[in-house]
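What TrEMBL says about this one:
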type	residues	note
ACT_SITE	THR204	active site, nucleophile
BINDING	ARG232, VAL233, GLY234, ASP235, THR255, GLY256, ASP257, GLY258	substrate binding site
REGION	172-199	region 'Disordered'
SIGNAL	1-19	signal peptide
Amino acid sequence: RQRRMAALLLLALLTPARAASAAALPVVINTWAFRTAAETAWRVLELGGSELDAVERGCGQCEIDQCDGTVGYGGSPDESGETTLDAMIMDGNTMEVGAVAGLRRVKNAIGVARKVIEYTKHTLLVGESASLFAVRMGFPYEDLTTQKSLSLYSEWLNQSCQPNYWKNVVPDSSKSCGPYKRPEKVTSEEEQTSSQRSVHDHDTIGMVVIGVSGTVASGTSTNGAVHKIPGRVGDSPIAGAGSYADSTAGGAAATGDGDIMMRFLPSYQAVEYMRMGTDPAVACQKVISRIKKYAPKFFGAIICANTTGSYGAACNKIPGFTQFHFMVSSPLLSQPTEQVVDCI
């Protein structure tokens, strides 16, 4: 395997790079500076594991590490104080997808998503039923609540439940806690108060792995938006939104405000741009620009990689978020390396 890596490295150095990023395979790329996730996925490939194995273990590492408090247990409590998980994994050879949303009391969400591919003819399982499926597959029931998530929840209650995701309701959701209901008649559309939400309310681990032969796999894992309305599902477990993999073109994964981003299927769109020959960095930028037209203040970023191993990323520039950090592992780098792109 080392000889093959050396040969690939030589080939990559001799081949003129068509794209802005030097290209070599295999490549692992993931959102944010989640280094242990990148290292774990790369190690799986080095030990001969499949691309799907690398995605599952890499994202699973973030679930264990509780990356940024926005992946895995003990983070992003919903309005009732509970942490629930969303995840997906996609096989770019078969186009199979396994996903779970609103998963309760099971920590390894992406592991459960993989079992959806392996043991069912379905794509997406949700809520309590997804948890029952997980237990049948051998995953233990565990409490996803921690002292940290409990204190996040109680602080939020003490701040009159600010910020939250309600609009046009009574009592006034910008000043008080619920329960909310719809008013007798809607007077005017409330201005959305997205600005007061922290840009770290929506971080997701999104990962794309492209093997030596150009086989693509992708995946995501998240505990969703903090203080979300129970039952809310974001972009992460939705194929084409949270991530997308196609071994004839490439892969992409998104992170950010899923409620807005999922409406545009950004990961699918980026892969289609790359299929048409667009450089991955440009494909990422085009996707961000498209969402920006409708939601100029949205918080989000996307990573893209094609089947030659060329990659890129893009993000939307808003106050407090002007650069996006992501991890790349490739034969051209001595170790998994944090890279930065300026937002547009």
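First residue shown is number 1, and so on along the chain.
Each Cβ is built from the backbone N, Cα and C atoms, and glycine gets one as well.
Quick caveat, the model's predicted, so the values are computed rather than measured.
Distribution of TrEMBL features across the structure.
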residue : record                   : Cβ within 10 Å
THR204  : active site, nucleophile : 32
ARG232  : substrate binding site   : 18
VAL233  : substrate binding site   : 20
GLY234  : substrate binding site   : 25
ASP235  : substrate binding site   : 32
THR255  : substrate binding site   : 30
GLY256  : substrate binding site   : 28
ASP257  : substrate binding site   : 23
GLY258  : substrate binding site   : 27
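Among the binding-site residues ARG232, VAL233, THR255, GLY256, the ones whose Cα sits within 10 Å of the Cα of the residue listed as 'active site, nucleophile' are THR255, GLY256. The maximum pairwise C-alpha distance among ARG232, VAL233, GLY234, ASP235, THR255, GLY256, ASP257, GLY258, the residues recorded as binding substrate, is 16 Å.
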